[in-house]
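Quick look at what Swiss-Prot annotates:
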- CYS84: active site, proton donor/acceptor (ACT_SITE)
- CYS195: active site, proton donor/acceptor (ACT_SITE)
- ASP49, ARG50, THR51, ASN85, THR86, ALA87, LYS166: substrate binding site (BINDING)
Amino acid sequence: MPERVIGILGGMGPLATADLFRRIVEKTPAKRDQDHPRIIIYNNPKIPDRTAFILGNGPDPRPELITSARKLEECGADFIIMPCNTAHFFAGTIQSSVIYPLVSMIEETAKRIEEMGLRKVGLLATDGTIKGMVYHRALLKRGIHIAVPNKKDQGLVMKAIYEGVKAGNLELGRELLLKVAKKLERRSEGIIAGCTEVSVVLKPGDLTVPLIDPMDVIAERAVKLALGVEDF
C-alpha cells in the first residue's frame, strides 16, 4: 500500500496537539528522517470551546472545525485525526464536509478496550464528552459499561483541565486528576484518559488498573495507516 499523509486537526488545545505529534514521531519505526510519515498540522486555537457549546452556553465550533478540516484536505492530507475527545461529538458533521476519512480516536479506543477484554471502564473527560455520550455510544454497543466521577469529583476534573493543564499549570492538573482517578479505579477495570489534557499529565504507572490513553491509540493507528501497514 502507498504511504499516506497524516492531517492533524489541532488547537484543541495546542499542547495536546504538540503531544500527539511527538507521540507519532516516537511510535514510528524509523532509522532515519526519511522513514517518518509526512504530517500536516493545522493548529487552530480559535475553534470555540466544544464543551461550552454542548452544554448550551457557548458559540458553535462547527464552522471552524469544518474550515480546519477543509484546509487540511486542500494541503494534501489523506486522512484526518483530532487530538480532542470532545470534538468527536461533531465527527459526523466534519466527515460530511470532506472527502478523506476522519479516523475516530473514540472508535479506535473502544476497539482497543474490547480487545483488552475489559467490561467496565472509568472515564476521565470533560462535561461535554460525558453529556454528549461521546464514549458511551462507542462502548455500550460493545457491551462495555462506563463509570464516571460523581458531581463533586467531576468538578475537580474540569478544574484540572481548564485551570490546570490548559492554563499551563501541569502540576495542579496532575494532582487533581490523580485524586479523582484513584477513586474511580476502585470500581473500574481500567481508566480512559478521555481528554487530551488528561493524557498530557497522567501516565500508565500512576494507577493500579490499566490507563487507556486514546492519544497513544490514535498515534499508533495513524502511523500504521501513514506507512501503508494497515488500511481504513
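Every residue gets a Cβ built from N, Cα and C, even glycine.
Where Swiss-Prot records a feature, it is marked here on the structure.
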{"residue": "ASP49", "record": "substrate binding site", "Cβ neighbours (10 Å)": "19"}
{"residue": "ARG50", "record": "substrate binding site", "Cβ neighbours (10 Å)": "25"}
{"residue": "THR51", "record": "substrate binding site", "Cβ neighbours (10 Å)": "24"}
{"residue": "CYS84", "record": "active site, proton donor/acceptor", "Cβ neighbours (10 Å)": "26"}
{"residue": "ASN85", "record": "substrate binding site", "Cβ neighbours (10 Å)": "32"}
{"residue": "THR86", "record": "substrate binding site", "Cβ neighbours (10 Å)": "27"}
{"residue": "ALA87", "record": "substrate binding site", "Cβ neighbours (10 Å)": "26"}
{"residue": "LYS166", "record": "substrate binding site", "Cβ neighbours (10 Å)": "19"}
{"residue": "CYS195", "record": "active site, proton donor/acceptor", "Cβ neighbours (10 Å)": "29"}
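A separation of roughly 12 Å, to the nearest angstrom, links the Cα atoms of LYS166 (substrate binding site) and CYS84 (active site, proton donor/acceptor). CYS195 (active site, proton donor/acceptor) and ASN85 (substrate binding site) are 6 Å apart (CA-CA, integer value).
Among the recorded positions ASP49, ARG50, THR51, CYS84, the ones whose Cα sits within 10 Å of the Cα of CYS195 (active site, proton donor/acceptor) are CYS84, in sequence order. Listed in chain order, the residues near the substrate site other than ASP49, ARG50, THR51, ASN85, THR86, ALA87, LYS166 are MET12, CYS84, THR126, GLY128, THR129, CYS195, each with its Cβ within 8 Å of the site Cβ centroid.
DSSP assigns ASP49 (substrate binding site) to coil in the three-state reduction, placing it in neither a helix nor a strand. LYS166 (substrate binding site) carries neither a helix nor a strand DSSP state and counts as coil.
Summarising the substrate site geometry, the residues cited as binding it (ASP49, ARG50, THR51, ASN85, THR86, ALA87, LYS166) extend over a maximum Cα to Cα distance of 16 Å. For ARG50 (substrate binding site) paired with CYS84 (active site, proton donor/acceptor), the C-alpha to C-alpha distance reads 9 Å.
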